[in-house]
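Participant: The following block contains the structure, expressed as structure tokens.
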Amino acid sequence: MAERPEDLNLPNAVITRIIKEALPDGVNISKEARSAISRAASVFVLYATSCANNFAMKGKRKTLNASDVLSAMEEMEFQRFITPLKEALEAYRREQKGKKEASEQKKKDKDKKNDSEEQDKSRDEDNDEDEDKLEEEEQNEEEEVDN
Amino acid sequence: MADVVVGKEKGGEQRLVSLPLSRIRVIMKSSPEVSSINQEALVLTAKATELFVQYLATYSYRHGTGKDKKALAYSDVANTAEESDTFQFLADILPKKILASKYLTMLQERREAEEEDDDEEECDEDTGS
């Protein structure tokens with residue numbers, strides 16, 4: 001919980017780095033401009049949270065989820081963020097999946113190995129190349145019969 | 001904008017968001033009506049805040065007055081809040097600065113205007129009685 005007002009500030013070093021990376025090289029950002037953007041970012045978080053919460057309430061949910069945040073961006077007229085946010089969400093889900101799989105692998109390494117081998121086999125069966133080869137072989141057999 | 005911008009950790013490993021999630025959560029939770037936030041919503045809000053900082057900075061710089069000097073000043077950011085509809089919600093926390101002398105004349109003018117109003121009211125009372 002926020003106990004002091006400064007708990008609602010974002011770290012200056014990180015904010016400054018993000019601004020610098022966004023602007024062309026060598027632009028001087030005044031100290032006042034930095035703190036203004038930093039304050040604006042905190043207000044943005046509150047505004048987005050409040051909008052997202054409205055969507056959660058409409059859906060009779062108590063927990064804010066990803067789709068609430070995306071709907072909030074649309075409502076706040078930050079549609080331009082939606083595509084990069086969806087990409088970030090996908091990347092995050094992949095990362096989580098990777099972590100989960102890594103921990104599962106530690107637990108039951110053998111079972112996992114067997115499962116993946118079976119998956120590989122089924123994938124091979126679906127493979128178009130293999131089917132083509134089979135067809136060729138069948139044709140060859142027919143030709144031999146004809147002879 | 002379409003590319004996912006990733007911050008870098010000390011070890012050179014790429015990270016999805018560079019703002020601290022714990023701090024973002026504290027700010028989100030400071031809103032009294034919010035009961036709980038799932039991890040995906042938290043990550044997305046942090047990411048959105050990064051995009052917002054980039055957008056506010058580039059917008060203010062592009063529409064600002066310091067391009068020749070390669071400088072971004074407070075007034076550029078305050079102007080953005082005042083002039084752009086999307087950034088309108090920032091107008092209250094990013095007021096445009098004015099000189100103290102100008103402010104004092106404004107105050108003086110307002111006081112005089114109020115005094116005139118008072119005079120008029122007094123006149124009304126006079127005629128009323």
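Cβ coordinates come from backbone N, Cα and C, glycine included.
Taken from TrEMBL, the feature compositional bias 'Acidic residues' covers B:114-129. The domain 'Transcription factor CBF/NF-Y/archaeal histone' annotation in TrEMBL covers B:18-78. Per TrEMBL, region 'Disordered' is recorded for B:109-129.
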Participant: Could you tell me how many residues in the domain 'Transcription factor CBF/NF-Y/archaeal histone' (B:18-78) are helical, how many are strand and how many are coil under DSSP?
Facilitator: 39 helix, 4 strand, 18 coil
Participant: What average pLDDT is reported by the model for the domain 'Transcription factor CBF/NF-Y/archaeal histone' (B:18-78)?
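Facilitator: The predicted confidence over the domain 'Transcription factor CBF/NF-Y/archaeal histone' (B:18-78), as a mean pLDDT, is 96.
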